[in-house]
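Here's what TrEMBL has on this protein:
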- Asp158: active site, proton acceptor (ACT_SITE)
- Gln32, Glu107, Asp139, Gly140, Pro165: S-methyl-5'-thioadenosine binding site (BINDING)
- His63, Asp87, Asp158, Ser159, Thr160, Asp161: spermidine binding site (BINDING)
- 3-240: domain 'PABS' (DOMAIN)
Amino acid sequence: MRDLWYSEKYEEDVKFSVKVTQHLYSEKTPFQQIDFFDSKTFGRFFTLDGFMMVTEKDEFIYHEMITHVAMAVNPEVKRVLIIGGGDGGTAREILRYKTIKKVDLVEIDERVVRLCQQYLPLTAAPFDHDNRLVLHFQDGLDFVQTAKNNSYDLILVDSTDPIGPGEGLFTYDFYHHCERLLSNVGILINQHESPYYESDAYEMKRSHAKIKASFPIAKVYQFHMPTYPSGHWLFGFASKKYDPIKDLKSDKWESLGLYTKYYNTKLHQGAFMLPTYVKEGLENV
Ligand code: SAM
(Lines of atoms letter the chains of each structure in order from A and count residues from 1; the text may use other names and numbers.)
(Lines give C-alpha, C1' and ligand atoms only; values in the text may rest on other atoms or scores of the structure.)
Protein backbone atom coordinates (compact mmCIF):
# COMPACT_ATOMS: atom_id res chain seq x y z
CA MET A 1 0.00 0.00 0.00
CA ARG A 2 1.25 3.54 -0.78
CA ASP A 3 2.09 5.90 2.09
CA LEU A 4 -0.50 8.61 2.72
CA TRP A 5 0.79 12.09 3.59
CA TYR A 6 -0.97 15.31 4.61
CA SER A 7 0.91 18.22 3.01
CA GLU A 8 0.49 21.96 3.47
CA LYS A 9 2.16 24.39 1.11
CA TYR A 10 3.88 27.30 2.90
CA GLU A 11 5.58 28.87 -0.13
CA GLU A 12 5.75 27.90 -3.79
CA ASP A 13 8.79 25.74 -2.97
CA VAL A 14 8.15 24.86 0.70
CA LYS A 15 5.84 22.21 2.12
CA PHE A 16 5.17 20.71 5.55
CA SER A 17 4.10 17.05 5.54
CA VAL A 18 2.88 14.57 8.12
CA LYS A 19 2.54 10.87 7.43
CA VAL A 20 -1.06 9.91 8.00
CA THR A 21 -2.00 6.58 9.54
CA GLN A 22 -5.70 7.08 8.74
CA HIS A 23 -7.83 9.68 6.97
CA LEU A 24 -10.79 9.47 9.32
CA TYR A 25 -13.36 11.87 7.89
CA SER A 26 -13.94 14.46 5.20
CA GLU A 27 -16.83 16.86 4.69
CA LYS A 28 -17.50 20.00 2.67
CA THR A 29 -19.75 22.39 4.59
CA PRO A 30 -21.22 25.64 3.18
CA PHE A 31 -18.20 27.39 4.77
CA GLN A 32 -15.17 25.14 4.31
CA GLN A 33 -13.65 21.71 3.77
CA ILE A 34 -13.13 19.79 7.05
CA ASP A 35 -10.78 16.78 7.37
CA PHE A 36 -9.71 14.65 10.33
CA PHE A 37 -6.57 12.49 10.28
CA ASP A 38 -4.58 10.24 12.60
CA SER A 39 -0.80 10.29 12.72
CA LYS A 40 1.91 8.75 14.87
CA THR A 41 3.82 11.88 15.91
CA PHE A 42 1.07 14.51 16.19
CA GLY A 43 -1.79 12.18 17.12
CA ARG A 44 -5.19 13.12 15.76
CA PHE A 45 -5.42 16.40 13.87
CA PHE A 46 -7.89 18.36 11.79
CA THR A 47 -7.61 20.78 8.89
CA LEU A 48 -9.90 23.41 7.35
CA ASP A 49 -9.52 24.04 3.63
CA GLY A 50 -6.22 22.16 3.79
CA PHE A 51 -4.74 24.31 6.59
CA MET A 52 -3.67 22.77 9.88
CA MET A 53 -5.93 23.80 12.77
CA VAL A 54 -5.36 21.57 15.80
CA THR A 55 -3.20 18.56 16.59
CA GLU A 56 -3.45 16.55 19.79
CA LYS A 57 0.27 16.96 20.40
CA ASP A 58 0.73 20.72 20.26
CA GLU A 59 -2.74 22.21 20.84
CA PHE A 60 -1.87 22.97 24.49
CA ILE A 61 0.63 25.60 23.34
CA TYR A 62 -1.86 27.60 21.28
CA HIS A 63 -4.75 27.28 23.74
CA GLU A 64 -2.70 28.15 26.83
CA MET A 65 -1.12 31.15 25.13
CA ILE A 66 -4.40 32.55 23.81
CA THR A 67 -6.00 32.51 27.30
CA HIS A 68 -3.57 32.71 30.22
CA VAL A 69 -1.65 35.80 29.11
CA ALA A 70 -4.77 37.97 29.41
CA MET A 71 -5.93 36.24 32.60
CA ALA A 72 -2.59 36.88 34.31
CA VAL A 73 -2.94 40.59 33.48
CA ASN A 74 -6.56 40.81 34.64
CA PRO A 75 -7.55 37.84 36.82
CA GLU A 76 -10.88 39.63 37.52
CA VAL A 77 -12.27 38.80 34.05
CA LYS A 78 -15.83 37.47 34.28
CA ARG A 79 -17.47 37.88 30.86
CA VAL A 80 -15.70 36.38 27.85
CA LEU A 81 -16.42 36.36 24.12
CA ILE A 82 -14.67 33.78 21.92
CA ILE A 83 -14.89 34.30 18.17
CA GLY A 84 -14.19 31.10 16.21
CA GLY A 85 -12.63 28.42 18.39
CA GLY A 86 -15.02 25.67 17.26
CA ASP A 87 -12.65 22.93 18.42
CA GLY A 88 -13.29 23.97 22.05
CA GLY A 89 -9.65 24.26 23.21
CA THR A 90 -9.82 27.98 24.00
CA ALA A 91 -13.10 27.52 25.89
CA ARG A 92 -11.59 24.62 27.82
CA GLU A 93 -8.65 26.74 29.02
CA ILE A 94 -10.67 29.85 29.94
CA LEU A 95 -13.28 27.81 31.82
CA ARG A 96 -10.56 26.52 34.14
CA TYR A 97 -10.98 29.86 35.97
CA LYS A 98 -13.77 29.50 38.54
CA THR A 99 -14.24 33.28 38.48
CA ILE A 100 -15.49 33.25 34.86
CA LYS A 101 -19.27 33.69 34.87
CA LYS A 102 -20.15 33.41 31.18
CA VAL A 103 -18.48 32.57 27.88
CA ASP A 104 -20.21 33.30 24.56
CA LEU A 105 -18.58 31.32 21.74
CA VAL A 106 -19.44 32.50 18.24
CA GLU A 107 -18.54 29.91 15.60
CA ILE A 108 -19.64 30.30 11.99
CA ASP A 109 -19.65 26.56 11.24
CA GLU A 110 -21.61 24.28 13.57
CA ARG A 111 -20.09 21.23 11.84
CA VAL A 112 -16.65 22.09 13.28
CA VAL A 113 -18.09 21.87 16.80
CA ARG A 114 -20.07 18.68 16.16
CA LEU A 115 -17.17 16.91 14.44
CA CYS A 116 -14.69 17.95 17.13
CA GLN A 117 -17.09 16.53 19.73
CA GLN A 118 -16.89 13.26 17.84
CA TYR A 119 -13.21 13.19 16.86
CA LEU A 120 -11.33 15.53 19.22
CA PRO A 121 -12.73 15.07 22.74
CA LEU A 122 -9.48 16.47 24.18
CA THR A 123 -10.46 19.98 23.06
CA ALA A 124 -14.25 19.65 22.71
CA ALA A 125 -14.93 18.58 26.32
CA PRO A 126 -16.39 21.93 27.54
CA PHE A 127 -19.24 21.74 24.99
CA ASP A 128 -20.81 18.93 27.00
CA HIS A 129 -19.81 19.75 30.54
CA ASP A 130 -19.95 23.45 31.30
CA ASN A 131 -23.17 25.42 31.42
CA ARG A 132 -21.31 28.77 31.62
CA LEU A 133 -20.59 28.27 27.89
CA VAL A 134 -23.20 29.50 25.37
CA LEU A 135 -22.76 28.58 21.69
CA HIS A 136 -23.86 30.92 18.88
CA PHE A 137 -23.61 29.57 15.32
CA GLN A 138 -23.16 32.84 13.52
CA ASP A 139 -20.61 34.97 11.70
CA GLY A 140 -18.33 36.70 14.23
CA LEU A 141 -18.45 40.05 12.43
CA ASP A 142 -22.28 40.02 12.41
CA PHE A 143 -22.28 39.13 16.11
CA VAL A 144 -20.03 42.01 17.18
CA GLN A 145 -21.90 44.51 14.99
CA THR A 146 -25.11 43.95 16.97
CA ALA A 147 -23.82 43.18 20.50
CA LYS A 148 -24.19 45.84 23.22
CA ASN A 149 -21.47 48.22 24.44
CA ASN A 150 -19.51 47.09 27.51
CA SER A 151 -20.69 43.46 27.39
CA TYR A 152 -17.31 41.72 27.87
CA ASP A 153 -14.08 41.93 29.87
CA LEU A 154 -12.14 39.76 27.43
CA ILE A 155 -12.47 38.90 23.73
CA LEU A 156 -10.45 35.98 22.31
CA VAL A 157 -10.34 35.78 18.53
CA ASP A 158 -9.48 32.16 17.72
CA SER A 159 -10.00 32.41 14.00
CA THR A 160 -8.78 30.92 10.77
CA ASP A 161 -6.56 33.03 8.49
CA PRO A 162 -7.84 36.17 6.71
CA ILE A 163 -9.04 34.26 3.67
CA GLY A 164 -12.42 32.54 3.35
CA PRO A 165 -14.86 32.83 6.27
CA GLY A 166 -12.24 34.41 8.58
CA GLU A 167 -11.66 37.47 6.37
CA GLY A 168 -14.12 39.75 8.20
CA LEU A 169 -12.35 39.09 11.51
CA PHE A 170 -9.29 41.05 10.32
CA THR A 171 -11.07 44.29 9.40
CA TYR A 172 -11.20 47.79 10.94
CA ASP A 173 -14.92 47.32 11.42
CA PHE A 174 -14.40 44.15 13.47
CA TYR A 175 -11.72 45.66 15.74
CA HIS A 176 -13.75 48.84 16.20
CA HIS A 177 -16.73 46.80 17.43
CA CYS A 178 -14.50 44.71 19.72
CA GLU A 179 -13.31 47.94 21.33
CA ARG A 180 -16.91 49.08 21.77
CA LEU A 181 -18.01 45.75 23.31
CA LEU A 182 -15.21 45.71 25.89
CA SER A 183 -15.42 47.26 29.36
CA ASN A 184 -12.95 50.04 30.20
CA VAL A 185 -10.50 47.41 31.50
CA GLY A 186 -11.16 45.08 28.55
CA ILE A 187 -8.55 43.02 26.69
CA LEU A 188 -8.62 41.71 23.11
CA ILE A 189 -6.40 38.77 22.15
CA ASN A 190 -6.33 37.81 18.48
CA GLN A 191 -4.74 35.23 16.22
CA HIS A 192 -2.06 37.42 14.63
CA GLU A 193 -0.45 35.22 11.96
CA SER A 194 3.28 34.52 11.62
CA PRO A 195 6.11 36.98 10.98
CA TYR A 196 8.17 34.59 8.92
CA TYR A 197 6.86 33.77 5.45
CA GLU A 198 6.04 36.75 3.29
CA SER A 199 2.28 36.33 2.90
CA ASP A 200 1.74 35.71 6.65
CA ALA A 201 4.01 38.64 7.56
CA TYR A 202 1.98 40.91 5.29
CA GLU A 203 -1.21 39.94 7.18
CA MET A 204 0.57 40.41 10.51
CA LYS A 205 1.43 44.02 9.59
CA ARG A 206 -2.04 44.79 8.24
CA SER A 207 -3.79 43.49 11.39
CA HIS A 208 -1.42 45.36 13.68
CA ALA A 209 -2.05 48.67 11.91
CA LYS A 210 -5.81 48.21 12.27
CA ILE A 211 -5.67 47.20 15.94
CA LYS A 212 -3.34 50.12 16.75
CA ALA A 213 -5.92 52.45 15.23
CA SER A 214 -8.64 51.04 17.53
CA PHE A 215 -6.89 50.57 20.93
CA PRO A 216 -4.54 52.81 22.97
CA ILE A 217 -2.41 49.77 23.91
CA ALA A 218 -1.60 47.31 21.11
CA LYS A 219 1.20 44.76 21.54
CA VAL A 220 2.16 41.46 19.95
CA TYR A 221 3.54 38.32 21.61
CA GLN A 222 5.07 35.16 20.24
CA PHE A 223 5.01 31.43 20.84
CA HIS A 224 6.29 28.27 19.17
CA MET A 225 3.73 26.28 17.26
CA PRO A 226 5.38 23.26 15.61
CA THR A 227 2.55 22.55 13.14
CA TYR A 228 1.89 26.11 11.90
CA PRO A 229 3.92 27.69 9.07
CA SER A 230 7.52 28.28 10.22
CA GLY A 231 6.63 27.18 13.78
CA HIS A 232 6.77 30.82 14.90
CA TRP A 233 3.33 32.30 15.62
CA LEU A 234 1.91 35.47 17.16
CA PHE A 235 -1.06 36.69 19.15
CA GLY A 236 -2.09 40.32 19.46
CA PHE A 237 -2.76 41.86 22.90
CA ALA A 238 -4.83 45.06 22.84
CA SER A 239 -6.39 46.90 25.75
CA LYS A 240 -7.92 50.18 26.81
CA LYS A 241 -6.06 50.13 30.12
CA TYR A 242 -3.61 47.31 30.70
CA ASP A 243 0.00 46.98 29.64
CA PRO A 244 0.73 43.25 29.38
CA ILE A 245 4.04 43.48 31.25
CA LYS A 246 3.65 46.41 33.69
CA ASP A 247 0.24 45.12 34.75
CA LEU A 248 1.16 41.43 34.94
CA LYS A 249 -0.02 40.00 38.29
CA SER A 250 2.37 37.08 38.63
CA ASP A 251 1.75 36.40 42.34
CA LYS A 252 -1.99 36.50 41.97
CA TRP A 253 -1.93 34.22 38.92
CA GLU A 254 0.44 31.77 40.56
CA SER A 255 -1.74 31.67 43.68
CA LEU A 256 -4.54 30.18 41.54
CA GLY A 257 -2.49 26.98 41.26
CA LEU A 258 -3.37 26.22 37.64
CA TYR A 259 -0.98 23.75 36.05
CA THR A 260 0.09 24.81 32.56
CA LYS A 261 2.44 22.86 30.36
CA TYR A 262 3.69 25.81 28.24
CA TYR A 263 2.61 29.08 29.86
CA ASN A 264 4.30 30.53 32.94
CA THR A 265 4.63 34.09 34.14
CA LYS A 266 8.35 34.37 33.29
CA LEU A 267 7.64 33.16 29.76
CA HIS A 268 4.79 35.71 29.66
CA GLN A 269 7.32 38.54 29.94
CA GLY A 270 9.72 36.98 27.46
CA ALA A 271 6.95 36.39 24.91
CA PHE A 272 6.62 40.16 24.38
CA MET A 273 10.37 40.53 23.66
CA LEU A 274 10.28 40.22 19.90
CA PRO A 275 13.10 39.50 17.44
CA THR A 276 14.42 42.66 15.77
CA TYR A 277 12.99 41.89 12.33
CA VAL A 278 9.51 41.35 13.83
CA LYS A 279 9.70 44.58 15.87
CA GLU A 280 10.79 46.50 12.81
CA GLY A 281 8.00 44.96 10.74
CA LEU A 282 5.43 46.05 13.31
CA GLU A 283 6.87 49.54 13.84
CA ASN A 284 6.65 50.42 10.19
CA VAL A 285 2.93 49.94 9.78
N1 SAM B 1 -6.12 27.56 16.07
C2 SAM B 1 -6.53 27.67 14.76
C3 SAM B 1 -5.60 28.35 13.81
O4 SAM B 1 -5.12 29.45 14.05
O5 SAM B 1 -5.35 27.74 12.77
C6 SAM B 1 -7.91 28.18 14.67
C7 SAM B 1 -8.81 27.05 14.98
S8 SAM B 1 -10.49 27.37 15.11
C9 SAM B 1 -11.03 25.79 14.65
C10 SAM B 1 -10.95 28.52 13.87
C11 SAM B 1 -12.44 28.57 13.71
O12 SAM B 1 -12.82 29.86 13.28
C13 SAM B 1 -13.00 27.58 12.70
O14 SAM B 1 -13.75 26.61 13.35
C15 SAM B 1 -13.85 28.45 11.76
O16 SAM B 1 -15.05 27.83 11.38
C17 SAM B 1 -14.06 29.68 12.62
N18 SAM B 1 -14.38 30.88 11.85
C19 SAM B 1 -13.82 31.29 10.68
N20 SAM B 1 -14.39 32.43 10.27
C21 SAM B 1 -15.31 32.77 11.21
C22 SAM B 1 -16.23 33.85 11.33
N23 SAM B 1 -16.30 34.80 10.41
N24 SAM B 1 -17.03 33.89 12.42
C25 SAM B 1 -16.97 32.90 13.36
N26 SAM B 1 -16.14 31.85 13.28
C27 SAM B 1 -15.31 31.78 12.22
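Any Cβ shown, glycine's included, is placed from N, Cα and C.
Location within the structure of each feature annotated in TrEMBL.
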residue: Gln32; record: S-methyl-5'-thioadenosine binding site; DSSP (3 states): coil
residue: His63; record: spermidine binding site; DSSP (3 states): helix
residue: Asp87; record: spermidine binding site; DSSP (3 states): coil
residue: Glu107; record: S-methyl-5'-thioadenosine binding site; DSSP (3 states): strand
residue: Asp139; record: S-methyl-5'-thioadenosine binding site; DSSP (3 states): coil
residue: Asp158; record: active site, proton acceptor; DSSP (3 states): strand
residue: Pro165; record: S-methyl-5'-thioadenosine binding site; DSSP (3 states): helix
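For ligand 1, the binding-site residues lying close by, meaning a CB under 6 A from one of its atoms, are Asp87, Thr160; the full candidate list was His63, Asp87, Thr160, Asp161. Take the binding-site residues Gly140, Pro165: by the count of other Cβ atoms within 10 Å of each Cβ, the lowest one is Pro165. Asp161 (spermidine binding site) sits 12 Å from Gln32 (S-methyl-5'-thioadenosine binding site), counting Cα to Cα.
Long-range Cβ neighbours of Asp139 (S-methyl-5'-thioadenosine binding site) (same chain, at least 6 residues apart, Cβ-Cβ under 8 Å): Val106, Ile108, Pro165, Gly168. Distance between Cα atoms for Glu107 (S-methyl-5'-thioadenosine binding site) and Asp158 (active site, proton acceptor): 10 Å, as a whole number. Proximity note: of the listed recorded positions (Gln32, Gly140, Asp158), Asp158 have a CA within 10 Å of the CA of His63 (spermidine binding site), given in sequence order. Along the domain 'PABS' (3-240), the predicted structure has mean pLDDT 96. Calculated from their C-alpha atoms, the gap between Asp87 (spermidine binding site) and Gln32 (S-methyl-5'-thioadenosine binding site) amounts to 14 Å. For the residue listed as 'active site, proton acceptor', applying a Cβ distance below 8 Å and a minimum sequence separation of six or more within one chain yields Ile66, Ile82, Ile83, Gly84, Gly85, Gly89, Thr90, Gln191. Among the listed binding-site residues, namely Asp87, Glu107, Asp161, the Cβ with the most fellow Cβ atoms inside 10 Å is that of Asp87. Site extent for spermidine: among the recorded binding residues His63, Asp87, Asp158, Ser159, Thr160, Asp161, the largest C-alpha separation is 16 Å. Spatially close to Ser159 (spermidine binding site) yet at least six residues away along the chain are Ile83, Gly84, Gly140, Gly166, Leu169, Phe170, Asn190, Gln191, judged by Cβ distances under 8 angstroms.
Largest Cα-Cα distance over the residues recorded as binding S-methyl-5'-thioadenosine, namely Gln32, Glu107, Asp139, Gly140, Pro165, equals 16 Å. If you take the C-beta of Gln32 (S-methyl-5'-thioadenosine binding site) and look for same-chain residues 6 or more apart in sequence within under 8 angstroms, you find Leu48, Asp49, Asp109, Thr160, Gly164, Pro165.
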